[in-house]
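Novice: Features from Swiss-Prot:
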BINDING   Asp42, Asp43, Glu44, Tyr45, Asp46, Ser91, Leu92, Glu126, Arg149, Glu184, Lys300, Lys324  NAD(+) binding site
ACT_SITE  Lys128  active site, N6-AMP-lysine intermediate
BINDING   Cys418, Cys421, Cys436, Cys441  Zn(2+) binding site
DOMAIN    598-686  domain 'BRCT'
Amino acid sequence: MRYPGRMTDAPPDPRARYLALRDEVALHNRAYYEQDAPTIPDDEYDRLARELRELEAAHPEFADDHSPVQTVGGAPSSAFEPVTHPTQMTSLDNVFDDDELRDWQEKLARSLGLPLDTDDFTFTGELKIDGLSVNLYYLDGELQWAATRGNGRVGEIVTAQVLTIPDIPQKLEGLKGELEVRGEVYLSRADFAAFNAQAEELGTPLLKNPRNGAAGALRQKDPEVTRTRHLKAILYAVGKRDGVPARTQWEVLEWLSAQGFPTSRSSEHLRGIAAAADYHARMIRAHADFEFDADGTVLKLDSLSQQEEAGFTSRAPRWAIAYKFPVEEVETVLESITVNVGRTGKLAPLAHLSPRLIEGSTVSKATLHNEDYIRDMDLRVGDTVLVRKSGGVIPQIMRVLPDKRPADAAPFEFPTHCPVCGHEAVRAEGDANTYCPNPACPAQSFERIRYFVSRGAMDVRGIGEKLVTQLLHEGLIHDAAGLYTLSAEQLAGLERGGEKKAGNILGQLEASKTKPLWRLINALGMSHVGQRNAQALARAFGTLEGLLAATPEQIEAVPGLGGIIAQSVTASLADPAMRDLIARLQASGVAPQAEEVTRTDQLSGLNFVLTGALSRPREVIKAELEAAGGRVTGSVTKKTSYLVAGEDAGSKLARAGELGVPVLDEAGLAALLAERGLGERGVAEDGMSGAETEAAPAES
């Protein structure tokens with residue numbers, strides 16, 4: 001089945017349609033490549049671009065070198081220094097089904113003078129990551145600059161911004177001549193969700209998708225702002241390749257990995273077009289579990305000599321093709337809109353949808369963000385809407401189908417008062433969010449207490465939604481500090497388990513008083529401060545008193561934070577209500593463990609890689625190693641000193657065996673640290689088992 005174009009809808013005058021379509025595609029190109037603000041979904045753009053190519057194929061007299069489907073990328077930004085790529089950075093042509101994939105192979109065979117039905121091709125299969133393309137230029141092994149793709153010939157220098165990304169080598173030993181390393185900079189789905197959660201709290205603009213986030217972060221003039229976005233990269237190609245001992249694309253990937261560049265674990269070596277189609281089908285099934293957004297696979301002819309022989313069109317290689325994932329959009333009905341109140345007082349609208357199965361799971365709700373979002377989409381109860389999973393995970397309403405709107409559907413009236421306490425709601429000028437300003441609002445108290453005892457904060461077991469509701473309803477507590485004043489008698493009167501259950505809860509509360517400092521910092525619920533930033537603050541200041549005394553400048557200087565977070569933390573800790581809460585927590589005996597601030601150099605010169613399911617969060621282990629002078633990278637190379645492997649370690653373990661890199665389990669790491677005078681570090685910080693400390697997922 002062919003991918004649907006729009007040729008059947010074309011007007012009688014093909015030139016008029018061509019000119020209109022050319023302008024439309026060019027407009028979308030500028031929005032996507034130059035403004036990082038796409039105006040339509042990728043699949044809609046693909047349909048428009050395909051129709052334009054079909055018109056140019058049918059009417060060659062229409063096309064010229066300035067056609068938006070014959071050029072690459074967009075104009076470089078004047079805000080950054082331009083640089084000419086030694087070899088052009090191209091785009092990729094697309095296919096959308098197995099028939100088109102076989103057609104592409106026939107064209108490839110024809111360009112190489114081979115039989116059209118040949119099945120002798122070997123391919124590499126790679127994921128098509130939805131990020132921003134970059135080019136890293138090395139001369140005699142030294143990184144000279146990093147640049148965006150730009151228009152394919154001239155890009156924008158973003159070296160300082162790229163160097164905030166983990167594992168980008170600045171020096172390659174023993175390499176002479178010129179080398180270009182190409183890849184994709186991306187924002188992980190988890191960091192995308194965290195950014196938007198903070199943006200919703202602050203009322204600042206949301207990112208439309210992770211690709212937008214990556215592009216915007218990489219184009220920040222201040223690299224410290226880029227650092228706070230936690231960008232990552234996957235490198236997958238070379239342009240100029242002096243000194244690279246590779247005859248195939250697969251050998252290029254292996255060489256990049258050996259040099260320490262981050263590469264994809266999902267790439268595969270494939271024999272024949274049937275294997276390529278099977279790889280694509282497997283990636284479709286797996287793509288909801290990827291760390292990053294991917295909108296397809298890329299299939300490349302493996303032989304570099306055959307690549308050179310096949311050559312390029314004006315915009316794309318003939319020897320590679322992007323096989324796009326199908327986009328599943330489902331029609332459903334917007335049954336109702338409710339407005340909830342979060343712990344910051346934000347009024348958060350939620351869409352309730354007729355349940356539909358999308359990509360293997362039932363979807364019945366979707367976030368609507370704020371009043372402007374509802375108004376801009378003109379969403380009305382009763383509307384038929386198209387829903388997809390953003391990034392394969394988060395349900396998102398894409399658009400309304402106005403021709404199916406009921407006659408009596410009225411615009412949604414956003415509440416002017418808090419739906420819980422009735423207090424008049426407020427919306428500051430320039431803020432996208434509406435808030436309940438009542439600090440005593442039961443909904444806010446409920447959410448703040450739930451967050452305080454949650455697993456990523458103080459981790460107090462046994463205090464669930466029902467108990468928090470009862471405690472607030474009975475007037476036994478008003479905030480988190482009140483939890484530490486509860487008696488066994490009060491709890492026994494509420495809990496079905498009576499005295500035994502009450503005793504367990506009081507024991508959990510008592511144990512939480514001396515948990516690590518970062519847990520309390522996170523539990524306070526400050527804007528922009530989640531688990532990772534709480535750990536950074538704890539490491540930087542050591543004690544709660546140290547953090548309370550810190551200046552905005554000192555907080556801003558903490559690696560990975562920056563000015564916006566510093567302002568938010570300073571304002572939160574200066575708030576009288578926050579100071580009162582902290583004082584009452586301390587009066588109740590909450591005295592978190594101090595963090596070790598002093599850096600040492602016992603591990604100086606050692607490079608570590610972490611892999612597999614570890615009993616403690618990987619970020620915690622990484623912080624310990626770096627605090628002692630070690631370096632933690634993401635790829636096993638000949639420079640790696642130790643691979644620390646948990647359960648279900650994958651390809652990194654095999655790679656360590658190939659290179660002769662020593663492998664340590666967690667007991668071995670603890671022994672190494674003890675030998676170096678760093679004490680016993682093999683037990684979780686708060687004495688919990690791995691299952692209770694949010695163990696890091698397996699990573700191959």
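Using N, Cα and C of the backbone, Cβ positions are placed for all residues, glycine too.
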Novice: Out of Lys128, Arg149, Lys300, give me whichever of these recorded positions has the highest number of other Cβ atoms within 10 Å.
Specialist: Lys300
Novice: Of all the binding-site residues given, Glu44, Asp46, which residue's CB has the most CB neighbours within 10 A?
Specialist: Asp46
Novice: Give me the DSSP three-state residue breakdown of the domain 'BRCT' (598-686), ordered helix, strand, coil.
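Specialist: Per-class counts: 29 helix, 16 strand, 44 coil.
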Novice: Between the binding-site residues Cys418, Cys421, where is the Cβ count within 10 Å the lowest?
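Specialist: Least crowded of the binding-site residues Cys418, Cys421, by Cβ count within 10 Å, is Cys421.
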Novice: Note down the number of other Cβ atoms within 10 Å of the Cβ of Leu92 (NAD(+) binding site), including every protein chain shown.
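Specialist: If we count other Cβ atoms within 10 Å of Leu92 (NAD(+) binding site), we arrive at 18.
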Novice: Within the chain of Cys441 (Zn(2+) binding site), which residues six or more apart in sequence place their C-beta under 8 angstroms from its C-beta?
Specialist: Val341, Gly345, Cys418, Val420, Cys421, His423
Novice: For Cys436 (Zn(2+) binding site), just count the other CB atoms lying within 10 A of its CB, please.
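Specialist: Summing over all protein chains shown, Cys436 (Zn(2+) binding site) has 25 other Cβ atoms within 10 Å.
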Novice: How many whole Å apart are the CA atoms of Lys128 (active site, N6-AMP-lysine intermediate) and Leu92 (NAD(+) binding site)?
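Specialist: Lys128 (active site, N6-AMP-lysine intermediate) and Leu92 (NAD(+) binding site) have their Cα atoms 10 Å apart.
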Novice: According to DSSP, collapsed to three classes, what secondary structure does Glu44 (NAD(+) binding site) have?
Specialist: helix
